[in-house]
Amino acid sequence: MANGVIPPPGGASPLPQVRVPLEEPPLSPDVEEEDDDLGKTLAVSRFGDLISKPPAWDPEKPSRSYSERDFEFHRHTSHHTHHPLSARLPPPHKLRRLPPTSARHTRRKRKKEKTSAPPSEETPPIQEEGGAGVEEEEEEEEEEEGESEAEPVEPPPSGTPQKAKFSIGSDEDDSPGLPGRAAVTKPLPSVGPQTDKSPQHSSSSPSPRAQASRLAGEKSRPWSPSASYDLRERLCPGSALGNSGGPEQQVPTDEAEAQMLGSADLDDMKSHRLEDNPGVRRHLVKKPSRTQGGRGSPSGLAPILRRKKKKKKLDRRPHEVFVELNELMLDRSQEPHWRETARWIKFEEDVEEETERWGKPHVASLSFRSLLELRRTIAHGAALLDLEQTTLPGIAHLVVETMIVSDQIRPEDRASVLRTLLLKHSHPNDDKDSGFFPRNPSSSSMNSVLGNHHPTPSHGPDGAVPTMADDLGEPAPLWPHDPDAKEKPLHMPGGDGHRGKSLKLLEKIPEDAEATVVLVGCVPFLEQPAAAFVRLNEAVLLESVLEVPVPVCFLFVMLGPSHTSTDYHELGRSIATLMSDKLFHEAAYQADDRQDLLSAISEFLDGSIVIPPSEVEGRDLLRSVAAFQRELLRKRREREQTKVEMTTRGGYTAPGKELSLELGGSEATPEDDPLLRTGSVFGGLVRDVRRRYPHYPSDLRDALHSQCVAAVLFIYFAALSPAITFGGLLGEKTEGLMGVSELIVSTAVLGVLFSLLGAQPLLVVGFSGPLLVFEEAFFKFCRAQDLEYLTGRVWVGLWLVVFVLALVAAEGSFLVRYISPFTQEIFAFLISLIFIYETFYKLYKVFTEHPLLPFYPPEGALEGSLDAGLEPNGSALPPTEGPPSPRNQPNTALLSLILMLGTFFIAFFLRKFRNSRFLGGKARRIIGDFGIPISILVMVLVDYSITDTYTQKLTVPTGLSVTPPDKRSWFIPPLGSARPFPPWMMVAAAVPALLVLILIFMETQITALIVSQKARRLLKGSGFHLDLLLIGSLGGLCGLFGLPWLTAATVRSVTHVNALTVMRTAIAPGDKPQIQEVREQRVTGVLIASLVGLSIVMGAVLRRIPLAVLFGIFLYMGVTSLSGIQLSQRLLLILMPAKHHPEQPYVTKVKTWRMHLFICIQLGCIALLWVVKSTAASLAFPFLLLLTVPLRHCLLPRLFQDRELQALDSEDAEPNFDEDGQDEYNELHMPV
């Protein structure tokens, strides 16, 4: 190099501009003589001779003619690129002398010993890039990096040649030229003649024009080796590049190029290299040293590996997002500040201006114009990706400088824009949380802030061009009417920044979320809008900016004048909504340049809907929007799935598998299916034991939580109420042979055993309506055949055990897959109708026994009848015991009607209250879940307060005793008690055993199937074969002790699982609730069954319950179960016009008359079952119910298409865990 000038490290930055006066200073004689020699060599006449005398033409070689257009095309191609000659020099930090240390001194001494001959004093050695000197410097830098940065560089003694260095600030000392580069420059003419000449200098003399340019640059700038060079002087706005008019000319300051190139080449270079591209990352590529070893050389790889270790890997993994929109507003004292107006976790929440409270979450609706303006803003604004800043002032400083360079704002607006970005932030919750000490963070004046981030270099008296920091001066007023703008409270880090944070909001934000801050507003000092999109290199916590302490990764700034047509609020909502979109914010994390962001906006527009500007009255007009949006989302998911398939096609992952896992699906293998047949005897049972019993220790540990205690209390009342209700009704059906005490004991014993040994201990074992119907039918059959009812139940139980063992051995539980909602709806509808019918039938019997008469018998006769029909405890005796019950009692029928309807309406109202808007969600759930016990307690108190009216009470024995102690005991003899049991009935008992097995199989397996849904996230698995074996085997034992058969109660089991479900708290407002975990354990089931068993000691309290209250509970169970069946909903559509039909798949995808045909088939099956149940063959109704399964799979496919059957008979109901959602009765198709 001729001058030894070292370019700055940012090689991609624009070259600095040097104002060269037209007047050239006089040159020395030596310089003129050297320029004459070079001018003769490169004279224009010499090139003219070469052009005028072309070489001899060879006809054998192909040739073509070149025109002026070809030369012009060559100048503008990529091959016509001029690299500065000074780019071959090492970086400036490699040329700085480090302070001497003992280790470095030892290495240098060792190196001098290996050198053969020292360099000459007259000719300094040339330091070649990649040579030994550079390698030594690299090693020293790698080992003593921190030491060299911390210790100041001591200047060498005067008189020794030094390396030229660049200075970032203006406080560096002047340094002489660079040794070893022949960089001994000529001083100015006023200094004196040149005294030192080197051979290298004489061999490469510059031209007079370049020499004049160099000398002029030394006058006008601190460019000469005797002055420090400031990199900030090279930074200039793009508008200054086109300033070619005037008496001065702009040329590059690279002296090597100025000496070697002509004016035409310099003009061409300016068009390519003197322009600035804001927001584009320039990566410095260092050429490897020629003296380094090869790839296999450890010495050559060691520095590279050390360098790679020091570089921190960027985390471009997409995180959950939290977006906050802040707008520039004026407070009551007319001072500007940033005010939070909206936020996004998934949906938009706006701050209501009048009440200063948050509105309901909703889907953000954007204008199409704002999206187009946002796209144009990002295309022409500043884009700073991977910005390495950790404070808001540092970020704001770089944003403002980038805006100036990209010609968005003027340099004189720097202070105002920076002051605007650093204003304080306020949030709607600040006033609520601040209390007596409101938050008012302030900082020092603007001068100190700008002084920290804009150090002003000291310029000499040589008239150098000032840098950007010189343009700040005194801060101008931010607002024209506010003269005290310098004292505005600014945002500064530190202090109690998040004192007003909302802990409730923080719980709804995911733990790994990163925030996006959107700042928009109008300012009076700008002439055009200015915008910047910033992505930080690493998410940082900016104090007092956000409402909650969430690290910030993205910032979007948009400032502009108010007289433009830009709606800054809508533009801020647009970028905030884009950042809350899943696909766009993933693209923002992985974007490498501006074009990636624009492509993501286009992808967002492809999935958006434009609503025409027409008045919309009513929600019915917007029904098609939701369907169209679902179709667009489906296509969008298909495109994403296609991308996943393309990326995983060459790997081991199946296509679409990763997408399903991301969407929340589970990777289920065929071995995990509990209903999969193994082909071996008891193979399914063995798999259930191996799957579930290893979790037995955790089933005990997981119960150590307060939520399990609350679930025990709640499910206890939920299980006790049906036990009392069905016990009282069972005593009525069996004439007192089995009643409340037997059902309570059976529920307790079987519940404890099943909870300890079952594969799914969350199932609640209890009595159900179908079993009550079967018990009534079997009792009538035994009375008709003059058989002992309890002895017949013993043989039915023994055959039940045999059939259950055979079914489990054959792995017959897989048959539950064939029981579709078609059969479940028929089953549930039939049982609900039976409940409702039995309730009003019992009420009719009460009105028959106690009619409303105009005259009643005398009071003495009434008391005598009462004394004859009542026991000392006031309970009514069974019809078969003693004298008949009292009849013709006044007001008994009316009071029974009031008690029944009162119980029904209280329980039904509390159930509706659970899904209302009053109180909080937890309070409503507690009141709704205890609706049945509350209604029973209220009506019992009403009956207890009315002392002069007779009502029939519940029959409960004293202590642990059977209901009729004089008729039976706790053990039932299999051969008969009063008379021998006929042998033919011992064999014929297999038929009712098979029928009761159908009921137990359907209820138990369907309940287990509902509980084991993937949406409920049970992790320990289930066992259909083991559960069926336990319930069937324990049912056989119940027959020996005269206890009722039990099954898995659907509603109580689902309620038990819901009570043990833990919901995620980090759910965006308005989003669907999600399950975090379910506390799967065995202790709650054991405690619930034990408490139900201990309730037998409350005989005195239970004997106060009127039977009319139990009839009200019976009516409640029938009505609520009927309301949740889809068949009843479709049945109402027959009486409804087609225009009022709901938007359901069975309405939109099936013709109306074919839907009614499907309903008629189901109603025909229900009518047939009702007829069978009402005749002497009522015992066979489970068999007819089972026939609906082949009817669905064999006959209906001939009448309906698969598409129609999928819409009419599909199990698409998912559990609803919303506090304001539906309860268990509306989710299930099973009877109570």
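The backbone N, Cα and C atoms fix where each Cβ goes, glycine too.
According to Swiss-Prot, the region 'Disordered' annotation covers 1-316, 429-498. Residues or ranges marked as compositional bias 'Basic residues' by Swiss-Prot: 76-97, 104-113, 280-289, 305-316. What Swiss-Prot lists as omega-N-methylarginine is Arg295. The annotation transmembrane segment is assigned in Swiss-Prot to 709-731, 737-774, 794-816, 826-847, 893-910, 926-946, 980-1002, 1028-1049, 1083-1128, 1155-1191.
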Statement: Among 709-731, 980-1002, 1028-1049, the most Cβ pairs under 8 Å with the transmembrane segment (926-946) come from 709-731
Message: Against the transmembrane segment (794-816), which of these stretches has the most C-beta pairs under 8 Å: 893-910, 980-1002, 1028-1049, 1083-1128?
response: 1028-1049
Folded-back contacts onto the transmembrane segment (826-847), same chain, C-beta under 8 angstroms, at least six residues removed: 729, 732, 769-770, 773, 892-893, 896-897, 900, 952, 1002, 1107-1108, 1111-1112, 1114-1115, 1117-1119, 1121-1122, 1125, 1127-1128, 1162, 1165-1166, 1169-1170, 1173, 1185, 1188, 1228-1232
- prompt: Do any residues of this chain, six or more beyond the ends of the transmembrane segment (737-774), have a C-beta under 8 angstroms from a C-beta of it, and if so which?
  reply: 688-689, 691-692, 699, 715, 719, 722-724, 726-731, 789-790, 827, 831, 834-835, 954-957, 960-964, 967-968, 995-996, 999, 1003-1004, 1007-1008, 1011-1012, 1018, 1021-1024, 1026-1027, 1030-1031, 1034, 1038, 1042-1050, 1052-1053, 1055-1057, 1060, 1078, 1080-1082, 1085-1086, 1088-1090, 1092-1096, 1102, 1117, 1173, 1178-1179, 1181-1182, 1231-1232
- prompt: So, does the transmembrane segment (1155-1191) come close enough to the transmembrane segment (980-1002) to give 3+ Cβ pairs below 8 Å, pairs being at least 6 apart in sequence?
  reply: yes
